[in-house]
Amino acid sequence: MLRRLTEVIGGPLGRFSSPGRVSPGFFTIERVLVALTIVAAIVAILAKNMCRTLGWGGSNAYIWACYSDWSALFTARGFDTNAFAPFADGAHFEYPVLMSAVASFAALLVVPGDYDRTLAFFDVNLLMVVVLWFIIVIATSRAAGRRPWDAAMVALAPGMILASTINWDLWAVAFLALALLAFAREKPLLAGILIGLGASMKVYPILFLGVVLVLALRTGRWRPLLIVSAGTAGSWLLVNLPFMIANFGAWSYFLEFTRDRGAGLSSLWHAWNVTATVLPGAPTFTSEVINSAAFWLFAASCAGIAVLGLLASRRPRVASLLFLVVAAFVLFNKVYSPQFVVWLIPLAALAWPRWRDFLIWQLVEALHFWAIWMYLYTGSTSVKEQNTFPEAFYVLAVAAHMLATAYLMYRVARSIWDPQTDPVRRVGQDDPQAGPYAGAERDPLPAFRWIGRPRRKRVHQTVEPPAAQSP
């Protein structure tokens, strides 16, 4: 009867308007996110189209900011003549073993023939990267809990559009995104396996273990850490050990190259070395000094993040800790290649999902993206003076990138210390990525719980003696 009475003012609620039972039809959240990713991927392809049309030779890649390691390495590392060049005797391929395998697989798909094989190699890798982009967006959406739309940051990020086609980094990003999702769904062994595979692509996914260590120290739950570590070690050894045995020299070249290389582009160390060239008597950083300084600065950062995580009033979120650790690694690393920004984008979307701060950071990264290509163009052989700018602009762009990243780190660190400022916890959820640590909370350091926190005043109550009872 009540349903019929409501017809006077519009009738009962239907399936497209009933709160909590709304049918989205075809346009589910994930399908919309995939559509947004497709649009961004098309823009990314168009951004590289000048190089795809004119080639990557000469200074075209710098002028049009369409440089890609794929096209450069195809001939420089011998993929055009041997698809398995990274594993040959005397090979010098400066990447981890699984990334070498991916590069060889892509080269294997480029069959010999009378066509532009460099372009074909680029396009094969491009198609794989677009698929990885979809995976990262969906994994981030599902790991975000009640905020699945935060994955739109990953789908539309300028950093993804500009830098995803430079190198194979998105493989490691995808493995880490899937590891986060597996951990959130209380599958620590699968998360560890994925971390090991990611670490075989790029080193940085291994930093996830440090985050789990902090959570284990804080909660007293050690089993998830042991399982994740076992999965990581097992998958890493399964991938790397055969190559170590077969050709240790080729396998270890990545480590030797990382150890011996000097200050890499856009790093703190390279920016100083560029500045020192115009400062009479100013010293420059050598490889040995950078190795030591970068290690201790990163170690100090990790120690500070661990203390923050242990002393915070609430258990810190997994994504927040992981973003801080990876960002510190990026800031103090020997090199900051422009594609390294894709490491941070999914983590930033989960750790600090605020569009204003995210877009400001991304615009600064886009500025740095153009600055590094113009800096390299200035040192090329076919340079035109009217198209260049002073080196100071490049140094300022590096400084701006570092400051923008540090600002995001501050916001995330503040949200850990004061959970009321955390945009994720303000919608009523604790930590969507907590997984086996969900609901775990205890005071890990009771002797130091007063540090940085307001002390509670003790209220002393006077207990009145009971009144004497009359006989």
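Using the three backbone atoms N, Cα and C, a Cβ is placed for every residue, glycine included.
Automatic prediction, not curation, is the source of TrEMBL annotations.
Per TrEMBL, these features apply:
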{"type": "TRANSMEM", "residues": "26-47", "note": "transmembrane segment"}
{"type": "TRANSMEM", "residues": "95-113", "note": "transmembrane segment"}
{"type": "TRANSMEM", "residues": "119-139", "note": "transmembrane segment"}
{"type": "TRANSMEM", "residues": "151-184", "note": "transmembrane segment"}
{"type": "TRANSMEM", "residues": "190-217", "note": "transmembrane segment"}
{"type": "TRANSMEM", "residues": "224-245", "note": "transmembrane segment"}
{"type": "TRANSMEM", "residues": "293-311", "note": "transmembrane segment"}
{"type": "TRANSMEM", "residues": "318-338", "note": "transmembrane segment"}
{"type": "TRANSMEM", "residues": "358-377", "note": "transmembrane segment"}
{"type": "TRANSMEM", "residues": "389-410", "note": "transmembrane segment"}
{"type": "REGION", "residues": "423-447", "note": "region 'Disordered'"}
Cβ-Cβ under 8 Å with the transmembrane segment (119-139): same-chain residues at least 6 beyond its ends: 30, 33-34, 36-37, 40-41, 45, 48, 52, 68, 70-71, 74, 79, 102, 106-107, 109-110, 151, 154-155, 160, 164-165, 168, 170-171, 173-174, 177-178, 180-181, 346
Recorded stretch, among 26-47, 95-113, 151-184, 318-338, 389-410, maximising Cβ pairs under 8 Å relative to the transmembrane segment (224-245): 95-113
Contacting positions for the transmembrane segment (26-47) when only residues 6+ beyond its ends and CB under 8 Å are counted: 65-66, 126, 130, 133-134, 137-138, 141, 148-149, 151-152, 155-157, 160-162, 164-165
Non-local residues, at least 6 beyond the ends, that sit with Cβ under 8 Å of the transmembrane segment (95-113): 70, 73-74, 79-80, 83-87, 120-121, 124-125, 128, 168, 171-172, 197, 199-203, 239-240, 243, 251, 254
